[in-house]
Ligand SMILES: NC(=O)c1ccc[n+]([C@@H]2O[C@H](COP(=O)([O-])OP(=O)(O)OC[C@H]3O[C@@H](n4cnc5c(N)ncnc54)[C@H](O)[C@@H]3O)[C@@H](O)[C@H]2O)c1
Ligand SMILES: CC(C)[C@H](C(=O)O)[C@@H](O)C(=O)O
Ligand SMILES: [Mg+2]
């Protein structure tokens, strides 16, 4: 089959990790007789430098006309002094919004060979864990009214957490539907003891739950949830939460899998179309040094094959290749532990390609 994939390498380590992910997809194409047509497009700081905007219209058009999008990461200190609406990150938020991708699926799975890279005591992670964070992606504080104003105390600034009932309902449904295909368990995470937006959020969760009573639902306040993730990650299966809380909790969860360099993600809307990206950023501290872990981006392509293209066998082939690389003891620096083989980003990518079958 033929698939059109728009590729947004972005900034920092973005181009390095997407390059490896594209090589893996090309290998899968050869092995399973598919043709992936890649179109590289600009977004983020590199787009600002070349086009004066972090999200050129051409990028939006090409993404909309593709079957899926692969994104590396955007941002970096070079652009830190730009006003908010020109920042690289604004381009990312805008593309998620433009493409209607309100559900960000972030699986935090502990690969067995990486147990030693997990900072938790062995007894807490026996048998591993498999958490699926379902993060709302196009609402909340990221998109609410924001600004600055003069007050009695001088200049002040504000960002508004605003959620409508339909916005909460659709993400919660997504989480329940995912739970039905897994272990029928959802944990809702909010801050309803303080935030009005969280009180409405929880009301909608409970209302929508009436249609999903076969699923077990429990609620946690976000501060407790942050602690519980470290205390006992195995208690979680599907987590549903807001844009902001999901951003923070998924970075936290990633460390339990060994590194932020391990966590892929899928940003989805109503149809099959999706944008696939690692959860990490542009990692300016290691950019251009062949040190970054490309596995999060490579695993994101597996999610693309599964969700957008219905290629389960091919998706599994990538995940199996990643597991084999780890089982054979190869590690980038972020997941390295004594007795394993330290490799660079390119070598890690090459190994995954060579293990795909
Ligand atoms: N989706 C995205 O495009 C995205 C996500 C997060 C942050 N950002 C942006 O990236 C820039 C840097 O942000 P930050 O430093 O807070 O977060 P970051 O995720 O880029 O890096 C945090 C730390 O994790 C390490 N790290 C990240 N990815 C790694 C990988 N694949 N392999 C090994 N180590 C890895 C980095 O070296 C760094 O020490 C900022 O401009 C931020 O806005 C973009
Ligand atoms: C760069 C930033 C806008 C982005 C977010 O907060 O969504 C990033 O942290 C992520 O997790 O994808
Ligand atoms: Mg983040």
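Cβ coordinates come from backbone N, Cα and C, glycine included.
According to TrEMBL, the feature domain 'Isopropylmalate dehydrogenase-like' maps to 4-352.
Counted within 10 Å of its Cβ, the other Cβ atoms near residue 84 (NAD(+) binding site) come to 9, all protein chains included. Summarising the annotation, TrEMBL assigns NAD(+) binding site to 76-89, 281-293.
Around the Cβ of residue 106 (substrate binding site), 25 further Cβ atoms fall within 10 Å across all displayed protein chains. According to its DSSP assignment, residue 106 (substrate binding site) is in a strand. According to TrEMBL, the substrate binding site annotation covers 96, 106, 135, 223.
Summarising the annotation, TrEMBL assigns site 'Important for catalysis' to 142 (among others). Same-chain residues at least 6 positions away in sequence with a Cβ under 8 Å from that of residue 142 (site 'Important for catalysis') are, in sequence order, 93, 243, 244.
Neighbour density for residue 191 (site 'Important for catalysis'): within 10 A of its CB lie 20 other CB atoms from the protein chains shown. According to TrEMBL, the site 'Important for catalysis' annotation covers 191 (among others).
According to TrEMBL, the feature Mg(2+) binding site maps to 223, 247, 251. Taking a C-beta cut-off of under 8 Å and a sequence gap of six or more, residue 223 (substrate binding site) has these contacts in its own chain: 191. Mapped onto three states, the DSSP output places residue 223 (substrate binding site) in helix.
Checking each of the binding-site residues 80, 84, 283, 287, 291 against residue 247 (Mg(2+) binding site) by C-alpha distance, the shortest gap belongs to 283.
Within the set of recorded positions 76, 96, 191, 291, no residue has a CB atom less than 6 Å from any atom of ligand 3. Annotation note: residue 287 (NAD(+) binding site) sits in a coil segment as assigned by DSSP. Checking each of the binding-site residues 96, 106, 135, 251 against residue 283 (NAD(+) binding site) by C-alpha distance, the shortest gap belongs to 251. By the rule that a residue counts when its Cβ sits under 6 Å from some atom of ligand 2, the recorded positions 96, 106, 142, 247 yield 247. A separation of roughly 29 Å, to the nearest angstrom, links the Cα atoms of residue 291 (NAD(+) binding site) and residue 135 (substrate binding site).
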